[in-house]
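Asker: Here's a structure for you.
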Amino acid sequence: MSTQRLRNEEYRDYSSTDVSPEESPSETLNNFSSSGSYQRFGESNSTTWFQTLIHLLKGNIGTGLLGLPLAVKNAGILMGPLSLLVMGLVAVHCMGILVKCAHHFCHRLNKPFVDYGDTVMYGLEASPSSWLRNHAHWGRHIVDFFLIVTQLGFCCVYFVFLADNFKQVIEAANVTTNNCHSNETVILTPTMDSRLYMLTFLPFLVLLVFIRNLRVLSIFSLLANISMLVSLVMIYQFIVQEIPDPTHLPLVASWKTYPLFFGTAIFAFEGIGMVLPLENKMKDPRKFSLILYVGMAIVTALYISLGSLGYLQFGANIQGSITLNLPNCWLYQSVKLLYSIGIFFTYALQFYVPAEIIVPFFVARVPEHCELLIDLSVRTMLVCLTCILAILIPRLDLVISLVGSVSSSALALIIPPLLEIATYYSEGMSPLTIIKDALISILGFVGFVVGTCVAIYELIQPSNAPIFINSTSAFA
């Protein structure tokens, strides 16, 4: 490894939610570096449209999905689904902007592929401002920074998710039954604090991230996908049964909690980092736009349905993850464990992205015989950092909202519209397009500022943890 890898203009920007573990970065670079044109049809390692669609769906299903019922609560049973629809449309539009700008620079510069960071850098070089052109290299640094923050933020969320779910299963073990339909309230058996559960997971996650080969990680990815899919089907199977009367739920929630909705929603929709790598791997990239819109339409429908049905089913008692509301019977306790196992293995895939950016920087500055030691040491420190941050912010809902507001809003909403203006302004743009892009970026920036402030304010407020559970709701 060397810093040349970071300087190389063909360095790939991996997905923030899916690292496509079928091949290593160097292998992919070698495959495309010999190509002199943008057209990439019929390569042996390319993906079909169906495989690309599956990757797109897989990359958008994670802990953010499970937090959407609480997000709908923070917005209202009417305002929540409508806002998710609007945010989904805007997020997909921004993904389309990124793909369009990337294609523009591929044709203009005769490159086979440009990643997110490259696209922003070239966009700044094409801007009419001399200052932006002189500092265009900062475009890549900004994207890398927010990508690192987002990915490590995901890893923090995983720590809290694992701790909360395992803690609840263990504390309820003595009273867990085979009856999933009774309404018997029981008292939890107190165990250790959730922060101690995080520390318990720490050494296992450190060992997991020592696996540096994506081909090996693909095995864990398969296990994660299967366990999370089964869990999701079981969650849907439960929340569609005997939905309570929704008339007592507010159509529009207080404006004070809406910023928390924004953070959680944009956390769930932040899949823009996977768009260019997936498009680059298709046998026929011309079909990618259609795949993107179809896939994100399915994702948006999934988000709206789970968020709405989850809030309708559990009402004001909804927790930071809907798994925490599942009944106290072994069937649904196993669902929590299955999803947790999937999240555990996904940690290594999410961690791969910041590791590939940060680790080479340190490894290139030490003698060759120390490279492995430094590599593993940096990985260990990064995992410990995510654990420490999770311990400092042990509330799952607020961690998700904070990560979404701080970094996901920048990657998904703020940067792409500004990129379009920088790329095409000199070539002539419609005033309506400029206004549209400006409004989207302003929306993202307002959500970034207000969402971050509200999440931090809520974090410093004392919270009283509930201590009772029953068979139809994890907390009473």
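A Cβ is built for glycine as well, from the same backbone N, Cα and C atoms used for every other residue.
TrEMBL lists 1-15 with the feature compositional bias 'Basic and acidic residues'. As annotated by TrEMBL, region 'Disordered' applies to 1-31. What TrEMBL lists as domain 'Amino acid transporter transmembrane' is 46-456. The transmembrane segment feature in TrEMBL is assigned to 75-99, 142-161, 194-211, 218-239, 259-278, 290-312, 337-364, 376-393, 399-419, 439-460.
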Asker: Let me check one thing: do the transmembrane segment (376-393) and the transmembrane segment (194-211) come into contact, meaning three or more Cβ pairs under 8 Å with sequence separation of at least 6?
Answerer: yes
Asker: Are there 3 or more C-beta pairs under 8 Å linking the transmembrane segment (337-364) with the transmembrane segment (218-239), counting only pairs at least 6 apart in sequence?
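Answerer: Counting Cβ pairs under 8 Å, at least 3, so yes.
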Asker: Taking residues 6+ outside the transmembrane segment (142-161), which of them lie with a CB under 8 Å of any CB in it?
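Answerer: Residues packing against the transmembrane segment (142-161) from afar: 13, 16-17, 62-63, 66, 116-117, 120, 194, 198, 201, 205, 270, 273, 321, 340, 343-344, 346-347, 350-351, 353-354, 357-358, 382-383, 385-387, 389-391, 393-396, 399-400, 402-403, 406-408, 410-411, 415.
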Asker: Taking contact to mean 3 or more CB pairs closer than 8 A (sequence separation of 6 or more), are the transmembrane segment (399-419) and the transmembrane segment (439-460) in contact?
Answerer: yes
Asker: What residues elsewhere in the chain lie close to the transmembrane segment (290-312), defined as a C-beta under 8 angstroms and at least 6 residues from its ends?
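Answerer: Those are 49, 52-53, 56-57, 60-61, 65-66, 68-73, 77, 80-81, 84-85, 88-89, 91-92, 95-96, 99, 235-236, 239-240, 243-244, 246, 249, 265, 268-269, 271, 275, 279, 282, 318, 322, 325, in sequence order.
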Asker: Below 8 Å between Cβ atoms, which of the listed ranges 75-99, 194-211, 439-460 makes the most pairs with the transmembrane segment (259-278)?
Answerer: 75-99
Asker: When each of 75-99, 194-211, 439-460 is checked against the transmembrane segment (337-364) for Cβ pairs under 8 Å, which one has the most?
Answerer: 194-211
Asker: Any residues 6+ beyond the ends of the transmembrane segment (194-211) with a Cβ under 8 Å from its own?
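Answerer: For the transmembrane segment (194-211), the sequence-distant neighbours (Cβ-Cβ under 8 Å, at least 6 residues beyond its ends) are 159-160, 162-164, 166-167, 217, 220, 344-345, 347-348, 351, 355, 376, 379-380, 382-384, 387, 390-391, 394.
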